[in-house]
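Below is one structure, written out as structure tokens; comments come after it.
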């Protein structure tokens with residue numbers, strides 16, 4: 001069948017396709033980030049947790065009957081209520097499901113495997129932004145997913161070598177993934193008109209959340225039915241497909257896209273006015289790091305990520321161990337706050353773009369006023385939680401409301417870098433993301449400090465109150481010092497050429 005190419009070119013706006021690809025990239029990136037936490041449970045020698053003991057379980061033969069279920073909260077096996085006896089009515093050690101080869105890696109080694117990703121991630125968060133601004137985002141993201149696919153597919157072989165090989169592989173995945181998010185902000189700054197940016201940023205937040213929500217049950221099903229090696233092969237395949245489709249559908253800028261209509265290209269480029277330049281330059285780091293609006297943004301972004309990482313790492317533990325929900329219910333309930341955050345992110349993104357398009361309020365007023373939803377209300381719910389949350393349902397509802405309202409970050413801290421410096425949005429987000437990633441280490445340490453002796457609501461109360469304080473204090477600082485205006489250091493001065501010896505004033509071309 002022959003399809004008219006003019007119809008293809010005009011049917012769907014290319015910036016809409018780019019936005020969809022941003023969502024897919026974030027989904028695949030988070031799949032590569034979180035799938036190891038499930039896969040690892042099936043790769044190691046698990047333990048049985050009883051009331052007063054912990055014991056190792058031998059790896060079963062292929063004919064073994066599963067007598068235990070995986071505890072996805074802490075990587076151990078929870079025994080069934082039934083006890084297994086031999087022919088002489090003597091109790092014997094239960095067998096475990098045969099998901100594939102199992103390795104005798106200590107808890108410390110397992111923590112190194114899970115943590116290696118974040119060390120690699122930190123390594124490239126800072127340089128990714130400048131690299132994207134200088135060399136373009138298409139290749140940086142495309143090759144990141146293709147190379148990540150190769151490394152992920154090699155994990156079954158790396159596991160046969162040694163645990164250190166797995167650590168090296170996870171570190172490399174982190175290095176490659178650290179390029180993605182700062183570079184996506186560069187894509188947004190090049191492709192998405194200002195009045196549509198909130199929805200595009202919502203795709204970053206929504207894609208990340210969606211990737212987390214689907215990966216845990218998806219990896220579990222693959223492991224249960226096909227074995228844990230396929231829980232690596234399938235994400236590797238998805239990563240490769242995203243990389244290939246990215247190269248096919250996305251270009252560095254509208255001016256370089258082969259099938260975009262002239263009308264859409266002109267519309268995108270004219271929408272930037274004089275805020276985006278085609279001239280490549282190094283970001284003015286001294287001015288960036290001494291800018292009060294940017295420093296306020298860093299604090300607001302850190303608080304938002306602190307709350308997100310706190311619940312990502314600790315919600316299943318809290319719901320299971322403190323509130324007393326069964327594991328299956330705890331896993332489901334733990335995902336509800338992220339589902340709420342994903343949908344509210346899209347809703348707030350739509351509201352933000354609508355308010356900008358109708359010019360109901362200034363960009364600065366928009367960013368500051370919606371911190372009520374993204375920071376102050378989450379803080380308020382966390383303050384109330386220890387005092388009204390003695391009922392498990394009420395407690396879970398508070399957590400859902402906390403992250404649900406934090407979805408408004410799509411029109412506060414997540415998009416504000418685009419306001420301050422469209423030319424250097426990727427660099428700004430790289431700096432923000434680098435610092436915010438440390439919350440992934442510090443939040444679990446805070447929980448461990450307060451719950452090392454006892455693990456009740458009385459101990460968790462301090463964790464919730466500290467997190468609430470971080471939300472509210474950063475929100476106050478952002479409200480006072482934040483801005484939605486383009487900063488002077490966003491300007492790029494065009495260097496005089498030999499053919500034009502006369503000095504040229506600051507140029508803000510809309511061509512990319």
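The backbone N, Cα and C atoms fix where each Cβ goes, and this holds for glycine too.
All TrEMBL annotations are machine predictions without curation.
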Inset, instruction - Identify the transmembrane segment range according to TrEMBL, selecting from 328-350, 489-511. - result: 328-350
Inset, instruction - Six or more residues out from either end of the transmembrane segment (16-36), which same-chain residues have a Cβ under 8 Å from its Cβ atoms? - result: 113-114, 117, 141, 145, 148, 152, 170, 173, 177, 180-181, 184, 187-188, 191-192, 199-200, 203-212, 214-216, 219, 231-232, 235, 238-239, 242, 245-246, 249-250
Legend entry - Contact set, same chain, for the transmembrane segment (140-161): CB under 8 Å, 6 or more residues outside the stretch: 25, 28, 32, 43, 101, 103, 128, 131-132, 168-169, 172-173, 176-177, 179-180, 183-184, 187, 229, 232-233, 235-237, 239-240, 242-244, 246-247, 250
Inset, instruction - Count the CB pairs under 8 A between the transmembrane segment (288-308) and each of 109-128, 200-222, 427-450, 462-484, then give me the winner. - result: 462-484
Inset, instruction - Mark yes when the transmembrane segment (427-450) and the transmembrane segment (228-249) have three or more Cβ pairs under 8 Å (sequence separation 6 or more) and no when they do not. - result: no
